[in-house]
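*Asks:* What Swiss-Prot records for this protein is below:
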type	residues	note
ACT_SITE	S86	active site, phosphoserine intermediate
BINDING	G12, L13, S14, G15, A16, G17, K18, T19	ATP binding site
Amino acid sequence: MGRRGVTVWFTGLSGAGKTTLSCGVAQQLQALGLPVEVLDGDLVRQHLSKELGFSRADRDENVRRIGFVAEMLTRHGVIVLVSAISPYRATRQEVRQQIGNFIEVFVDAPLEVCEQRDVKGLYRKARAGLIRHFTGIDDPYEPPEYPEVVCKTAEQSISECIDLVMQSLRSHGYLQ
């Protein structure tokens with residue numbers, strides 16, 4: 001029997017640190033010789049969800065597509081690291097149920113901190129009304145109620161957050 005795969009789903013506002021954290025965890029897992037794939041929400045949107053906008057229905061569909069790919073990889077023993085805002089609790093719960101082996105990581109940073117980190121200028125554009133349906137500004141973000149891991153990236157270092165995720169993978173039996 002092969003190794004058990006798992007999906008680690010990093011959720012949080014734009015600029016909270018999801019991509020940085022998932023890439024850091026990926027490096028640690030690769031150093032252990034483990035099969036790992038990172039599914040970054042921005043890249044998935046560019047390649048698998050180009051036609052989708054940012055309505056609630058389109059965001060939900062994008063998350064479902066990410067979940068579909070993650071589930072296939074997880075089933076084949078891969079550790080899948082998903083980095084996606086995925087703002088709606090019900091849709092995250094839906095993909096959790098679909099995938100089964102699932103660890104939710106809430107990458108928690110205050111809106112003000114996310115705006116300060118905004119290298120793409122998206123928050124500024126959203127506040128100016130140039131981008132509509134922007135999560136945290138004119139569209140809601142529903143924080144997880146019971147995530148397995150909470151990383152407060154305004155207070156904790158990235159290495160501390162990586163350690164929390166690695167500890168969760170160990171405690172749930174996905175790593176030795």
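Yeah, the Cβs are placed from backbone N, Cα and C, and that goes for glycine too.
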*Asks:* Within 10 Å of the Cβ of A16 (ATP binding site), how many other Cβ atoms can you find? Include all protein chains, please.
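*Replies:* Taking every protein chain into account, the count is 28.
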*Asks:* Measuring Cα to Cα, how far is G17 (ATP binding site) from S86 (active site, phosphoserine intermediate) in Å?
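*Replies:* Just about 14 Å between their Cα atoms.
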*Asks:* If you count other C-beta atoms within 10 angstroms, which of the binding-site residues G12, G15, G17 is the most crowded?
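*Replies:* Highest number of other Cβ atoms within 10 Å: G12.
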*Asks:* Neighbours of the ATP site G12, L13, S14, G15, A16, G17, K18, T19: Cβ within 8 Å of the Cβ centroid, same chain, sequence order.
*Replies:* I85, V107, A109, C114, R117, T153
*Asks:* Let me check the 10 A CB neighbour count of L13 (ATP binding site). How many other CB atoms are there?
*Replies:* 25
*Asks:* Taking the Cβ of K18 (ATP binding site) as centre, how many other Cβ atoms lie within 10 Å?
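*Replies:* Total other Cβ atoms inside 10 Å, all chains included: 28.
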*Asks:* Between T19, S86, which of the recorded positions has its C-beta surrounded by the fewest other C-beta atoms within 10 Å?
*Replies:* T19
*Asks:* Using Cα coordinates, what distance in whole Å links L13 (ATP binding site) and the residue listed as 'active site, phosphoserine intermediate'?
*Replies:* 9
